[in-house]
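Chemist: From TrEMBL, here are the annotated features:
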REGION    1-23  region 'Disordered'
COMPBIAS  1-14  compositional bias 'Basic and acidic residues'
TRANSMEM  37-58  transmembrane segment
TRANSMEM  92-114  transmembrane segment
TRANSMEM  148-165  transmembrane segment
TRANSMEM  177-197  transmembrane segment
TRANSMEM  237-255  transmembrane segment
TRANSMEM  262-282  transmembrane segment
TRANSMEM  302-320  transmembrane segment
TRANSMEM  332-351  transmembrane segment
TRANSMEM  415-440  transmembrane segment
Amino acid sequence: MAAHQEKKPPEERKHRSTQNDARTSQVQWGRAWEVDWFSLASILFLLMFAPFIVYYFIMSCDQYQCSLIDPLTDLFTGNRHLSDIWNKTPTLTYRAAGIYTLWVAFQVFLYVFIPDFCHKFLPGYVGGVQEGAVTPAGAVNKYEINGLQAWIITHVLWFANAYYFHWFSPTIIFDNWIPLLWCANVLGYAVSTFAMIKSYFFPTNAEDCKFTGNFFYDYMMGIEFNPRIGKWFDFKLFFNGRPGIVAWTLINLSYAAKQQELYGQVTNSMILVNVLQGIYVLDFFWNEAWYLKTIDICHDHFGWYLGWGDCVWLPYLYTLQGLYLVYHPVQLCTANTIGVLVLGLIGYYIFRMTNHQKDLFRRTNGNCKIWGKKPEYIECSYMSVDGTKYYSKLMTSGFWGWARHFNYTGDLMGSLAYCLTCGFQHILPYFYIVYMTILLTHRCIRDEHRCFSKYGKDWKRYTAAVPYRLIPGIF
């Protein structure tokens, strides 16, 4: 459910192996084959309650001025009943269904039918057709990287409408926010269900499917590794990046427009939210080719976790700060404004430079300089199901010598900055930093379990060289 990812081990080399344990390696590499009781309990909890969590947050803003406590107080004291809250909730409308259908169709059109041209005139940008990482079955998929182009086209049209065409109000997203929530849920469940059916009857690559025999686990975590329709429509790349992340900045712009409409001004806190989160979104699309080496693409199969999560969880809960500021406009003093901005920019710098160091290391096969010195690394190997042995280098210097996931540390600093723009009157805007801390800590543990299964004793050598996960000297 998250766009925040860690780059996978770089610079892989391969040769054909004659060993007979290739399939054993594939069993250990990637998503689990067997489901323990704790994983199953967690999955059942999320499947049952995650949609209600999203609804509760959005409803609390719509009916309770963003208070998370007042709805529960009303229910427990008998002042209101669940039916009272539900009956006051806006329902699905034809207008919202039309808006959402056009939105998704437009993003599909930009993704499938408009080849990238940005890489032809933007220095340093990597777009066009790019190769992904090796899958457990030994396949290497190709992707059309055109997310930055889609983001630019979408936002040019948004501003052209706002200042010239006036086809619709810039507040259209906020004004239809809850009806759009129902549309997003329909798409999230539809694509997750389709992906599961597809994996049984017409998988893109049968060797990259994993069946545990547990319906709920397979539905949530996915069976197919890279489900596709045709040559280029890749479910994981599309739903992870479009339409949710392209919409992120549009959602914040709609919140800002609503502030202007209600109060006659846009507060500096709303501007900070738009700027800091806008930097993150632009960074994602500028480095979309890099994203092909992240956990989502390299390890996660496509199921409800990614399908519903990217349609609903991401656009609705990652934008809570802007939504809160519509109901509670905050004008920060100059010192606080500068402090939040500096925290966010430092967090972004750490996030970006940490990933840049690994990317540079990967692209040059270690023949580069990190902080003015030749990088240190540990060489390791792993096996795919087809018996091919691959070699990787795990860097142990630069930011990657400080902690094994130091890019997450920068990510958390940026996340905290988003929340601090909202002041301290309500806890709702701080859900994001709490959630991201849990998510990224869990992702660290989950990724390291996979890396140990994949690299074995080589991973132990790596963790001995870099003993900390997130915070040097502490964790």
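Glycine is no exception: its Cβ is also placed from the backbone N, Cα and C atoms.
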Chemist: Under a criterion of three or more Cβ pairs within a distance under 8 Å and sequence separation of at least 6, are the transmembrane segment (415-440) and the transmembrane segment (262-282) in contact?
Modeler: yes
Chemist: Can the transmembrane segment (37-58) be said to touch the transmembrane segment (177-197) if we require at least 3 CB pairs below 8 Å and skip pairs under 6 apart in sequence?
Modeler: yes
Chemist: Can you tell me which parts of the same chain pack against the transmembrane segment (92-114), counting only residues 6+ beyond its ends and a CB-CB cutoff under 8 A?
Modeler: 144, 146, 149-150, 153-154, 172, 176, 179-180, 182-184, 187, 230, 232-233, 238, 242-243, 246-247
Chemist: Check the transmembrane segment (237-255) against the transmembrane segment (302-320) for contact, please; criterion is three or more CB pairs under 8 Å, pairs 6 or more apart in sequence.
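Modeler: The transmembrane segment (302-320) and the transmembrane segment (237-255): touching, yes.
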Chemist: Hey, which of 177-197, 302-320, 332-351 has the most Cβ-Cβ pairs under 8 Å against the transmembrane segment (262-282)?
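Modeler: Of the candidates 177-197, 302-320, 332-351, 332-351 scores highest.
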